[in-house]
Amino acid sequence: MTPDFLFQAVVYLLAAVIAVPIAKRLGLGSVLGYLLAGVVIGPSLLNLVGRVEDVQHFAEFGVVMMLFVVGLELRPSLLWRLRGPILGTGSFQVIATAGAVTGIAILLGQSWPVAVTIGLILAMSSTAIVIQSLAERGVLNTRGGQACFSVLLFQDIAVIPILSVLPWLAHAHGAVPGEGAAHGHESALAHLPNWAQTLITLGAVVAVVIVAHYILRYVFRFVAEAKLRELFTAVALLVVAGVAYLMHLVGLSAALGTFIAGVVLAESEYRHQLEADVEPFKGLLLGLFFIAVGAGLNLGLVAANPGLITMLTLGLIALKFGVLLGIGGLFRMGGGASFLFASALAQGGEFCFVLLGMADQQGLLKSDIAGPLGAAIALSMALTPLLLIVNDRLIQPRFAKMGAPREHDAVESHDHPVILAGFGRFGHIIGRLLQANGFGVTILDNDPDQVETLGRFGLKSFYGDASRADLLEAAGAARAKIFICAVDDEARGLEIVDLVRHEFPHLRILARAVSRSHAYALISRGVMEFRRDTLGSALDLGTDVLKALGYRAHRALRATQVFRCYEEESVRELAKHFTNYEDASYISIARQQLQNFEALLREDLKRQHLGGEDAWDSAGPPKER
Amino acid sequence: MSSPAPGRVLILFAHPALHRSRINLAMMDAVQDLEGVTVRDLYEVYPDFHVEVSTEQELLVEHDVIIWQHPFYWYSAPALLKEWMDVVLEYGFAYGDEGRALHGKRVMSALTTGGPEDAYDRAGYNRFSMRELLAPFDQTAHLCGMKYLDPFILHGVNQFSPEQVTAAAASYRKRIQELLA
């Protein structure tokens, strides 16, 4: 590890740590914070960073991970339902935007191949910025958010044919390809005939689906059984990196490939754990990516041509905004959703840079065009968070005021009101009871065997460690109402309860107490809704014993009920005195309590009209009223 | 359970399927906020029928007027209210030589019936008048030294329109306010 690497790490991390919280506090969102941090440390201002392009390439892996996580949250059935918007809205957006830009470029005196190239480049938007910004607002699942997502997904797919069209355009332009142009879109399959390339590419996608669907669960299980937390993280990252590499080999978009893998794994019982493991890497790399975009902003070039670049940037945003708004109207999204859709996607994106580089290599764009275009694209990306803030504050309130019905969630949210941690001998009974009554429960268990076994009986649960905040987050804790802690390990149970109380204070906690001292610990944490896991069934069996001893069934039940009342009260009372089982004062209080308890119990049982003898046989006036 | 204010009206409410009730829910809502009224939703407090005798007796002592509010199931009260009577109105507390705890208090039944008013008549299909059918409640109160007030009865509630429900709840509130005065 070289000092230079450490210096770079310190610069990037420090910039993020300072800028992002400030941006968040000012209500600007994290994306803008990262971008500004990048501008500040970039070559134009402090010039603290080395080769920005390298960092950006590395950080693009964050975008790949983001698509994986997005895929994990999207079930295949939901994706299938989105096929209309993806193909319809998506293709329409690319064609309409590219067409409009091409027209303008021709009017400005460009040759048609150059104009088409610029059009195709500017049709792209920034998946990273848009999805992150929409997720932060919690609007990804609304009508407008879904439309954005569909368009971005289509662009991810469209990049591939666009890349292959560029050399052809260069040929039509009569351009002289620059250095390395032959390998512009380097694919390991380049030397094969077209049909073989297509076949292998399709084969790779099918392989990803099959492996993710049928084989990975065994790998996950094998790894999870090693009970090493970091190993599962490693295998999660391996899946993402492996798929990305394979896609790269066959010349497909890595983001698209991992997205597909994510969608397939969305049905897996390891989904929440995968999400929790990948999430922090995704967040950091994505942040790094935004910083790199900010740092890559060539302020020198902007300063040299302020008029041109301002016009290009504003023109780009205005044109895309207008086209998107038109599409929103055409597809009848409704006012609020249309404006969200238009505000979110009215920018250039990371694919623009890839395409710009390619066009440059092909000799399609001269640097006096590519330079200002690149700057305008980067500026439009940086302005997106601001545009979204304008949309939030000034535009959306109008639609709300007009009394338009609130946007409903287009995607059925699979967030359940109840999260159940622990699906063992105790928890699975609760889970089944709730499901039998039609309540949605998200079930977590950290034993892969248990998850697998119960899965075979049709009981769906997720493998995951509920003592991790990120996993609970992934399981929907922020939107749930009730948390059930049913794990059998006392210490882990308390750890989970502490975590939930701290991170998700809105959740009502109901807990399994494994022992008396465990119950005391729960009480000391203010968790009063607990049940000792053996009490109920021991009392049930006790009732049967009383019956076997000759009690009538109802009398036996009453005797048990009275006993239970005293027992529950005694635990809560003794909790006030408990320190440990060796403590003499606790022992004496407990003994005293127990004696009082039995005396009271006997008295109470005696007065019970069905258990005792006094009332009904005594000399009161009418016996059989 | 919160300790009752030094209030005076104790509503012992018994409805085993409150989630399906319209009228009884509206009645409860109409009186819940009145000062001096304690509402006790018995099926909520004792889902397992394990009525706590001492708690219930203390509540009785602290109040002046007792309301038995319930739908009129099979010409009587839902099972839990009967259970409440069986175990709470003990010898030595509610009746008997020593049993004077309830003397001088007043009791009122607050009932809803599905059948129309004219069904509760010699000539109607229920054959008996309401007062005849309520004899066991009347006599229970009497034996405990309490005055059994004219019952508050709503007939034919299944056919009530939303407006009628509101009006009935308001008249129930008025009756309880009169008892508080």
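Each residue, glycine too, has its Cβ placed from N, Cα and C.
Curation plays no part in TrEMBL annotations; they are all automatic predictions.
For reference, TrEMBL has these:
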TRANSMEM  A:6-24  transmembrane segment
TRANSMEM  A:31-49  transmembrane segment
TRANSMEM  A:55-74  transmembrane segment
TRANSMEM  A:86-108  transmembrane segment
TRANSMEM  A:114-135  transmembrane segment
TRANSMEM  A:147-170  transmembrane segment
TRANSMEM  A:199-219  transmembrane segment
TRANSMEM  A:231-264  transmembrane segment
TRANSMEM  A:284-304  transmembrane segment
TRANSMEM  A:311-331  transmembrane segment
TRANSMEM  A:337-357  transmembrane segment
TRANSMEM  A:369-390  transmembrane segment
DOMAIN    A:414-536  domain 'RCK N-terminal'
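Contact between the transmembrane segment (A:55-74) and the transmembrane segment (A:284-304) is supported: at least 3 Cβ pairs lie under 8 Å, counting only residues 6 or more apart in sequence.
The transmembrane segment (A:284-304) and the transmembrane segment (A:31-49) are in contact, since at least 3 Cβ pairs between them lie under 8 Å (pairs 6 or more apart in sequence). A Cβ distance under 8 Å defines the sequence-distant neighbours of the transmembrane segment (A:86-108), meaning residues of its chain 6+ beyond its ends; these are 114-116, 118-120, 122-123, 147, 150-151, 153-155, 157-158, 319-320, 323-324, 326-327, 330-331, 345. In the predicted model, residues of the domain 'RCK N-terminal' (A:414-536) average a pLDDT of 88.
Remark: the transmembrane segment (A:337-357) makes no contact with the transmembrane segment (A:6-24), by the rule of 3 or more CB pairs under 8 A.
Tertiary neighbourhood of the transmembrane segment (A:231-264): same-chain residues 61, 63-76, 79, 127, 153, 156-157, 159-160, 185, 187-190, 197, 200-201, 204-205, 207-209, 212-213, 216, 219-220, 223-224, 273-274, 277-278, 281, selected by CB-CB distance under 8 Å and a gap of 6+ residues from either end. DSSP assignment over the domain 'RCK N-terminal' (A:414-536) gives 50 helix, 24 strand, 49 coil.
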